[in-house]
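Pulled from TrEMBL, these are the features on record:
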BINDING   K11  ATP binding site
BINDING   S51, D138, N150  substrate binding site
DOMAIN    277-350  domain 'PUA'
Amino acid sequence: MSFNYRRVIIKIGSNVITGPNGLPDTERIAHLVDQIAAIKKHGTEVILVSSGAVASGRSLINVTDKYDAVATRQLLASIGQVKLINTYSNLFEKFKILCSQVLVTKEDFRDRLHYLNMRNCLEILLQHQVIPVINENDVVSVTELMFTDNDELAGLIASMLNAQALIVLTNVNGIYDGDPKLPGSAVIEEVKGDGIDFSSFVSTSRSQFGRGGMITKSTIAQKTAQLGIAVHIANGTTDNILLDVLDNNVIHTRFVPTKKASGKKKWIAHSETAATGVVQVNEGAKTVLISSKASSLLPVGIIKVLSDFKKGEIIKIVDENNKVIGLGLAEYGADKAREFTGKKNQRALVHYDYLYLQG
Ligand SMILES: Nc1ncnc2c1ncn2[C@@H]1O[C@H](COP(=O)(O)OP(=O)(O)O)[C@@H](O)[C@H]1O
Ligand SMILES: N[C@@H](CCC(=O)OP(=O)(O)O)C(=O)O
């Protein structure tokens, strides 16, 4: 093994651990666990984000159509998560590796203190050579409280833990430049830089049991790479895939990491749903903010405070067309920001260290 990542997040999609009948494919899970054990033996810390609770639940109970989709998902996930974690636990035990269950909701990432508590928990697990197996807590996460999918969750975990790489395993070989089912489509092997619009070649179609589809994978991958973390999207149904990805021995999509970001910036980058306020900036401020020069958001460039916020809360920064260009931590509340709007020589509303700009 030639790779030199110190810490990797491995995300396994439902379709990887599910056979064509929708039921868990234990042989495939075992093959992935064998590889994870080898990666760990090599000295790399591994954090697993695994989908599959609902699929596992489906193998245990029959639910008739008369129940609504949300309740059915809760029922299946509640039963299935037990089976999923037991499967991992039994398989890791063969290598004398302990794994742990960590179930999270989007709410766990909103508040900085709560976020740090979660990070501490994962760090102590890693310090004790445990492999955390993370999944969304589907039993309590419903509708607007849900992550788009576990790809979003995996991106958050990768940023939170300062991982060097995130490997997303799905049921296709990577991101194709067209419909993966068409013979003329090819895997895009390297993605560099910001602002790529994937919607022109990635369709919104999802695999049979997946949730977010390739569009969320592309968006999350790009965002994560912009925070300095390499992202690999590869086919988890292929033999030896994890070791081959790490050894750069298989065709897949790799997002090249760009700039490094501080821990706080990483948290802010993933906090859009937690944002309370919105401020609109003029073209001049936008140009300065997105330039390579480090700049804070000054009141002189603000056109309007569009919604209220308090000091210390996350705010969205939008341009004149209301497009979100960044997120930041407010140094003061909306009232003061309104008072300073358009004025020169006032204190920055968002300091550069607490400003995340989208590519
Ligand atoms: N351009 C594309 N390249 C690769 N996959 C694509 C593309 N457009 C759509 N897809 C679909 O995205 C699916 C993978 O996403 P998803 O269903 O969320 O999987 P997972 O369960 O692994 O999270 C693929 O099976 C494929 O059908
Ligand atoms: N938390 C759900 C999976 C949700 C999800 O994002 O699925 P996927 O798109 O296959 O990664 C479960 O364990 O069934």
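Quick reminder: no glycine exception, Cβ is built from N, Cα and C everywhere.
For the substrate site listed in the record, the two most distant Cα atoms among S51, D138, N150 lie 11 Å apart.
Residues of the domain 'PUA' (277-350) grouped by DSSP class, helix first, strand second and coil last, total 18 helix, 24 strand, 32 coil. Neighbour density for N150 (substrate binding site): within 10 A of its CB lie 26 other CB atoms from the protein chains shown. Sparsest Cβ environment among the binding-site residues K11, S51, D138 (other Cβ atoms counted within 10 Å): D138.
Filtering K11, D138, N150 by Cβ distance to ligand 1 (under 6 A) retains none of these binding-site residues. Rounded to a whole value, the Cα-Cα separation of N150 (substrate binding site) and K11 (ATP binding site) is 8 Å. D138 (substrate binding site) sits 16 Å from the residue listed as 'ATP binding site', taking the Cα positions as reference.
Mean per-residue pLDDT, taken over the domain 'PUA' (277-350), amounts to 93.
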